[in-house]
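Sharing a structure, written as structure tokens. Questions coming.
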Amino acid sequence: MAGELISFGIQNLWNLLSQECELFQGVEDQVTELKRDLNLLSSFLKDADAKKHTSAVVKNCVEEIKEIIYDGEDTIETFVLEQNLGKTSGIKKSIRRLACIIPDRRRYALGIGGLSNRISKVIRDMQSFGVQQAIVDGGYKQPQGDKQREMRPRFSKDDDSDFVGLEANVKKLVGYLVDEANVQVVSITGMGGLGKTTLAKQVFNHEDVKHQFDGLSWVCVSQDFTRMNVWQKILRDLKPKEEEKKIMEMTQDTLQGELIRLLETSKSLIVLDDIWEKEDWELIKPIFPPTKGWKVLLTSRNESVAMRRNTSYINFKPECLTTEDSWTLFQRIALPMKDAAEFKIDEEKEELGKLMIKHCGGLPLAIRVLGGMLAEKYTSHDWRRLSENIGSHLVGGRTNFNDDNNNTCNYVLSLSFEELPSYLKHCFLYLAHFPDDYEINVKNLSYYWAAEGIFQPRHYDGEIIRDVGDVYIEELVRRNMVISERDVKTSRFETCHLHDMMREVCLLKAKEENFLQITSSRTSTGNSLSIVTSRRLVYQYPITLDVEKDINDPKLRSLVVVANTYMFWGGWSWMLLGSSFIRLELLRVLDIHRAKLKGGKLASSIGQLIHLRYLNLKHAEVTHIPYSLGNLKLLIYLNLVILVSGSTLVPNVLKEMQQLRYLALPKDMGRKTKLELSNLVKLETLKNFSTKNCSLEDLRGMVRLRTLTIELRKETSLETLAASIGGLKYLESLTITDLGSEMRTKEAGIVFDFVYLKTLTLKLYMPRLSKEQHFPSHLTTLYLQHCRLEEDPMPILEKLHQLKELELRRKSFSGKEMVCSSGGFPQLQKLSIKGLEEWEDWKVEESSMPVLHTLDIRDCRKLKQLPDEHLPSHLTSISLFFCCLEEDPMPTLERLVHLKELQLLFRSFSGRIMVCAGSGFPQLHKLKLSELDGLEEWIVEDGSMPQLHTLEIRRCPKLKKLPNGFPQLQNLELNELEEWEEWIVEDGSMPLLHTLRIWNCPKLKQLPDGLRFIYSLKNLTVPKRWKKRLSKGGEDYYKVQHIPSVEFY
């Protein structure tokens, strides 16, 4: 395996040496000799790689070759950079002062000659220990295996291919959670690769489970979890999104109290995926109260994690797949059938395939990975070779994994890595940077790969970095080595992660190759992958980092800080100490996002990192960017979205970075900052471009742009904007914010003629959409704000047949009527309408928006009624806020047979009476009525809302009476009902009620007598003024004596 990785490095060095001849004037002889030596060296790699396991000396030779290649890249690249700098006119004095600016040809001749001498020595050493030379004709050749693997066509992955032989298991687990009231904790245990997480996901997403529980939470626990993080994740999942910031600021004690109260008063399912030790469960467990509304589903390799000798704990051990199911799963992946009727498998392949899957032992992960490998191999010869390799691995018994039970699976997973092309090996090893269960941002990952030189020139030359990254991720996904799915709206891989066992392979291979070193603040001694200094260093969850004291390797190529997303929500940051980067001058990648810098100033020595390709300062606390940043001419990624309250000073040096592909500018650079960006013609992403600091003319040449966010000032005309961006025909995402839009009353609009555009956000004055002014037909997401459209936009927008999400935000439409025509919006799934001050009438024709599932209308105060008919029948969630509907909306809404969640909030209905007819709302699960100031009477007829399990009524000051019924109701909260005086609970009403909370209802004198017949009630919260009468010996104690938990506030 090291042979291919080294071959990859030799190829990169060869490419450097094969640049323009004039660059190497004065050292031509040394360069020619080095190329010849590299060619000779490559001929020994295959045999050296095979013998390194049996000879320590050969292994040391292989390590020395890696160092030679790294040093060669550093030497040659530095020479080329200095040559180019020497040719540049007008070089700043500060750059001249750098020791490396004036090329010393004699010094480099000696350096390159030294590389040749080291290669000659290592070849002699290998030959003396029997390493054989292979014949290589001509110049450096890429390994043939890489070429063959790249030429093979790609196949799309069948999303259902993993789900074989699990149906009975899912049914049994759902039964434990839904039907068996005494079961509290269900654990799925077994060896790695058995499909425990896949099984848990199927259960988690099961319709019966969603219907049974009010709240669902999924937490990946992993080995290095903290109790605080797990508790925060659970509470965030169970609470509204608006409360995330508040949750992240809670102390551990407050978190525990909130979770106990919540789990006492609601039915929740918590999935804890990948718990390693019994002690981990004991740490998490204190949030679960003795009441039984909650349930836990956990997965673990350790059967003892949640074992208890009582019936409330169930341990479920899935069986390995049968031979028949194993073959079915294997066929779906390795031999996808285009036409099952005509498909006939090659007999030899069938025999070899069935032989190989025996080695997988019925483990789904091993079968999927084996299938992914063989899907890439067409000939029976390839299949036979792989079958022999698997057999030799098993017979040889060589492994570094600890768990003997998993050896079979680990052999197959390890072999899947060995079968990768060399460039994909690097891509896969790079994933070792990230913690367990980390959702890796594929776009950022693509730029890491590009900055490290992992992209192959034939893939990278002229291509968009994001596109190449997507191709590489797709190849790893297709081989079942990485888990990811394409986003519905963007059609891209947005995030990816590793299966826990595949991550073990990744960490093991990274350790074997000394690929990187990991240091984590969560461990007392760090988690170093190698005692040997690595060229890559990653800090996970740092608190402080001193670049002068903590980093000792001047040859370091990559320094990355990694933290989970939840840390960002909690305002996490860390302190970067040390003022000099001088000792790190060979860095290619520097990611110090969220760093606090002393005095808010980035050290000027950053400019000496002339090899740097990737610099991430996102959300770092920086107020000044030094002029020396202009020295970083090789940068392809620069993120300056700084986290400071005021403006950030950015000198006019970005124009020097002509290799930039990604640039995110600070949101506020002050009026004095003026940037020239016309040289940055390779940009693919440009964010926070403002005409206050930049010229629109500079955009004309950026024809490679895919993502652009732009802010206009009042002195900028829309004609100028249109002329500047009109040629950016490859744009996929565009955001325009016009801060001077109301000054442009006489200007024409913009024609958005971008055929590849998928996401468009417009925050600008645009009163008319002319016939010529159309939107791109491939749009999937559209946000409009401050447009003040005078005419109904729906006739134009509904013709966007790919549109999946539409938001009409504040002041986007100033007219009174909107009409959604029959057949319009065929793919729209989510519609949000907010802040339309003049909108009064909404008509929806039959068959409009046929797949719409979410509707949110807020702050549309003149909208008096919903469409009488033809609201999309597939709606599952509706939220109305401050709409002032005059007519009762229930007769319209109750006909929506798929509706599961309904919120009528803050004056969304101004009438006195609401009536829910019998048989209405057949699937409604949750209903919230809040701040309906005029509501006096709410009538619910028998048979209405038969599935309702959560009802919340708040701040309805005139409501005097509550309806009866609700046969499935489990949670009821009544808050600030000022006129509510009497409550009658009839016999048989609310037979499943579990939690009841009554707050601030001053006229209600006592609890209803019928409450004593609701034996399912477990939690009751009532006013403190009732404490005496409800306590033991009190006059109403008989009403509550059967309730386990009664709280008084």
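Note that Cβ sites are derived from N, Cα and C of the backbone, with glycine treated the same way.
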For which of the residue intervals 25-41, 127-143, 297-313 does Swiss-Prot record coiled coil?
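Spelled out, Swiss-Prot records coiled coil over residues 25-41, not the other listed ranges.
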Under 8 angstroms, Cβ to Cβ: which one of 776-799, 800-827, 945-968 has the largest number of such pairs with the repeat 'LRR 10' (990-1015)?
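By Cβ pairs under 8 Å, 945-968 leads among 776-799, 800-827, 945-968.
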Can you tell me how many other Cβ atoms are located within 10 Å of the Cβ belonging to GLY193 (ATP binding site)?
28
At a C-beta cut-off of under 8 Å, are there same-chain residues at least 6 beyond the repeat 'LRR 8' (896-923) that contact it? List them, or none.
853, 871, 873-890, 929-948, 958, 963
Tell me the Cβ contacts of THR197 (ATP binding site) under 8 Å, same chain only and six or more apart in sequence, or just say none.
ASP273, ASP274, THR299, HIS499
Of all the binding-site residues given, MET191, LEU194, which residue's CB has the most CB neighbours within 10 A?
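Highest number of other Cβ atoms within 10 Å: LEU194.
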Please average pLDDT over the repeat 'LRR 2' (609-634) for the predicted structure.
93
Can you count the other CB atoms that lie within 10 A of the CB of GLY192 (ATP binding site)?
22
What are the helix, strand and coil residue counts for the repeat 'LRR 1' (584-608) according to DSSP?
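So the repeat 'LRR 1' (584-608) is made up of 9 helix, 7 strand, 9 coil.
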Counting Cβ atoms within 10 Å of each candidate's own Cβ, which of the binding-site residues GLY190, GLY195 comes out highest?
GLY195
What parts of the chain pack near the repeat 'LRR 9' (945-968), using Cβ distances under 8 Å and only residues at least 6 beyond its ends?
211, 214, 266-267, 912, 916, 920-939, 974-986, 989-992
